[in-house]
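**Student:** Here's the feature list from TrEMBL:
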| type | residues | note |
| --- | --- | --- |
| TRANSMEM | 24-50 | transmembrane segment |
| DOMAIN | 42-293 | domain 'G-protein coupled receptors family 1 profile' |
| TRANSMEM | 62-88 | transmembrane segment |
| TRANSMEM | 100-121 | transmembrane segment |
| TRANSMEM | 142-164 | transmembrane segment |
| TRANSMEM | 197-222 | transmembrane segment |
| TRANSMEM | 243-264 | transmembrane segment |
| TRANSMEM | 276-295 | transmembrane segment |
Amino acid sequence: WEFNGSFYQPSAFLMMGIPGLEALHPWISIPFCALYLTALLGNCVILFIIRRTQSLHEPMYYFLSMLAVTDLGLALCTLPTTLGLFWFNVRRIGFDACLTQMYFIHILSFIESSVLLAMAFDRFIAISHPLRHPSILTKSTVLKIGLAIVLRGMVSLLPIPFLLKRLTYCGKTELSHSFCFHPDIMNLACADIKVNVFYGMIILLSTVGMDFIFIVLSYILIIRTVVSLTTKEECLKALNTCVSHICAVLVFFIPMIGLSMIHRFGKNVPPLVNTLVAYTYLIIPPALNPVIYSIKSTHIREALLRALRRKRG
């Protein structure tokens, strides 16, 4: 502990694995390893295929590349501490290291939310205004959107580590997960955390909350356009281009909203439920997104098969 008058700050926090199943951590690590491996290999393959295939150099796949990079970052943020705990029972994480990990986890989560919104906008323009789509979403426009997304996440979350560093901590130093999460750290403080709660809620609602609302509005407009199409085949073809994105949105937002609600209002929720929702939120989307797009996107699947044939040949 560091002592300075009445100010206390722990030198480290202790991370938790899966409560009640500590003895099974080495076995539990097997599915986690499979998910991490799928996330790392799958997203790298998506990036490789898009980079090597000229026909995929269009806005939809540029945004998919952004999603893959974000998912890689999320997987790499939690992999060292999660597998370190499961394999070697390394529970200790330094205070500053914890804040750094937390900052990048939240930034990447916000970036993923914004990228999913950009992908929804792309689908809306492609379906509602197909002739104007290339002129609206040019390469420079996509690049500007990507830079704006990164800056938005970095700037909006910049105060969070400083708000946590100003707090006095006492008593418990055990985190609820094998990674650092803002509400989790905040609840270990024995000082007034109203500013942290208020700022966290405002940022969450003004970024991820607004992203989700605009994604829903985009799909309402897409459905209106699809309904107006003349033939059933055209309707199905238009909707089929959105299936992968809808799956990615559901896989990301459902556990994220659940985890936020549990941390803020679910004081009586069993620790096991809290832990499982957290792992679902941070590990499942990076692993599932490349699988979803590889299965549902005909262009990605065909490019992947061509690459495999060339390698065999």
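Every residue gets a Cβ built from N, Cα and C, even glycine.
Are these features on the surface or tucked inside, and what touches them?
**Tutor:** The list of residues near the transmembrane segment (24-50) in space but at least 6 beyond its ends in sequence, with Cβ under 8 angstroms from a Cβ of it, reads 17-18, 56-57, 61-62, 64-65, 68-69, 71-72, 74-76, 79, 82-83, 85-87, 89, 279, 283-284, 286-287, 289-291, 293-294, 300, 303-304, 307.
A Cβ distance under 8 Å defines the sequence-distant neighbours of the transmembrane segment (100-121), meaning residues of its chain 6+ beyond its ends; these are 60, 63-64, 66-67, 70-71, 73-74, 77-78, 81, 93, 145, 149-150, 152-154, 156-157, 160-161, 164, 179-182, 185, 207-208, 211-212, 214-215, 218-219, 245, 248-249, 252-253, 256, 282, 285.
Tertiary neighbourhood of the transmembrane segment (197-222): same-chain residues 109-110, 113-114, 116-117, 120-121, 123-124, 127-128, 152-153, 156-157, 159-160, 163, 182-183, 186, 238, 242, 246, 249, 253, 256, 260, 264, selected by CB-CB distance under 8 Å and a gap of 6+ residues from either end.
Counting same-chain residues at least six beyond the ends of the transmembrane segment (243-264), those with a Cβ under 8 angstroms from any Cβ of the stretch are 67, 109, 112-113, 116, 119-120, 123, 181, 183-184, 187, 197, 201, 204, 208, 212, 215, 219, 273-274, 277-278, 280-281, 284-285, 288-289, 292-293, 296-297.
Long-range contacts of the transmembrane segment (276-295) within the same chain, counting only residues at least 6 positions beyond its ends with a Cβ under 8 Å from a Cβ of the stretch, are 18, 32, 35-36, 38-39, 42-43, 45-46, 64, 67-68, 71-72, 74-75, 78, 82, 105, 112, 176-177, 179, 181, 244, 247-248, 251-252, 255-256, 258-259, 262, 301, 304.
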**Student:** Average the pLDDT scores across the domain 'G-protein coupled receptors family 1 profile' (42-293) and report the rounded value.
**Tutor:** 91
